[in-house]
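Everything on this sheet refers to the single structure shown next.
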Amino acid sequence: MYFFLSITHLFSFFFQEVGRKICGNEKLKLFCFYFVVNFDHFQILRAIGKGSFGKVCIVQKRDTEKMYAMKYMNKQQCIERDEVRNVFRELEILQEIEHVFLVNLWYSFQDEEDMFMVVDLLLGGDLRYHLQQNVQFTEETVKLYICEMALALDYLRSQHIIHRDVKPDNILLDEQGHAHLTDFNIATIIRDGEKATALAGTKPYMAPEIFHSFLNGGTGYSFEVDWWSLGVMAYELLRGWRPYDIHSSNPVESLIQLFSTVSVQYSSVWSKEIVALLRKLLTVNPEHRFSSLTDVQTSAYLSNVIWDDVCEKKVEPGFVPNKGRLHCDPTFELEEMILESRPLHKKKKRLAKNKSRDNSKDSSQSENDYLQECLETIQQDFEKGLLFT
């Protein structure tokens with residue numbers, strides 16, 4: 001007997017499974033949303049960004065008129081690029097966390113074509129954009145970023161989460177200039193005593209032990225890798241380039257040698273206190289690296305920080321984005337409107353046409369078998385807890 005299971009039905013299982021897990025948590029009742037919130041509840045305003053397999057646009061919820069950022073990912077492309085596990089891992093992580101210096105999830109849903117995550121809208125742009133705009137970040141400005149990210153990473157550690165991709169591209173500023181960590185696409189969860197082993201991250205920001213673990217089959221790595229990335233990012237914001245000349249094309253073998261032979265050069269105009277902090281964050285041996293909030297709080301550079309004020313956003317940022325402009329590449333909107341074959345603003349009409357067409361023809365057995373196999377594998381991993389590796 002032939003039975004066709006559409007992409008939508010296959011993905012629905014996982015949205016419902018995650019929903020069942022979290023709806024029992026009183027704090028997370030808000031996230032039992034897939035059954036009541038959908039694409040029609042939002043007005044699409046404009047595209048503001050894109051990643052390897054997803055795009056981001058500004059939306060407004062029609063009933064409350066509140067503005068959000070909406071990340072959307074095409075299901076078929078996720079399957080073709082073997083990214084489905086990453087999507088569900090990110091979704092499950094985001095539904096379990098909330099912090100003042102994270103980009104937090106509000107809603108999640110799907111339709112026939114895409115999966116959607118609706119998150120905080122931060123209009124100050126990411127730090128990569130501001131670096132490309134030749135913004136000169138002062139020590140005081142970077143000091144606050146370090147503090148805010150230290151609080152975020154400390155919270156993630158309390159939730160057993162390694163972000164694995166801390167970099168300027170993933171730090172968004174709000175309109176006041178405060179920093180927020182985003183993009184949990186390659187984050188992972190490790191329990192007490194466990195180690196991560198996968199080669200994951202962006203090479204110029206990846207800690208040495210990640211490469212060692214991959215090449216030598218070592219014991220793995222833990223939360224310390226995010227603090228190394230924080231050190232690389234802080235150095236780059238201050239100097240305009242990274243402490244090590246590493247690119248995505250560099251072989252892993254050469255990187256291990258580089259860390260053992262090349263010394264980081266610190267600017268002579270920097271204060272000795274910030275240099276001391278950066279040295280501790282960029283310590284090659286993770287056992288000696290600053291890798292917790294308690295560690296950085298012992299730094300002379302941060303000795304005068306009132307941490308409660310930082311957490312409550314009472315410390316005024318040294319750099320405030322211009323409120324009169326949108327801090328993103330304007331070509332994102334042009335690409336969505338002109339080049340995108342399936343633009344989001346025409347989705348409702350397109351889906352209606354697709355439904356009418358699909359009702360008049362049968363789908364092939366081969367497509368069904370392929371999709372069924374992909375999603376059955378993911379279901380097995382989901383039930384075994386293997387999505388977090």
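For all residues, glycine too, the Cβ spot is worked out from N, Cα and C.
These features come from TrEMBL:
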- 42-302: domain 'Protein kinase' (DOMAIN)
- K71: ATP binding site (BINDING)
- 345-354: compositional bias 'Basic residues' (COMPBIAS)
- 345-368: region 'Disordered' (REGION)
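Listed in sequence order, the residues of the same chain lying 6 or more apart from the residue listed as 'ATP binding site' and placing their CB within less than 8 Å of its CB are G54, K55, V56, F116, M117, V118, V119. Per-residue pLDDT, averaged along the domain 'Protein kinase' (42-302), amounts to 94 for this model.
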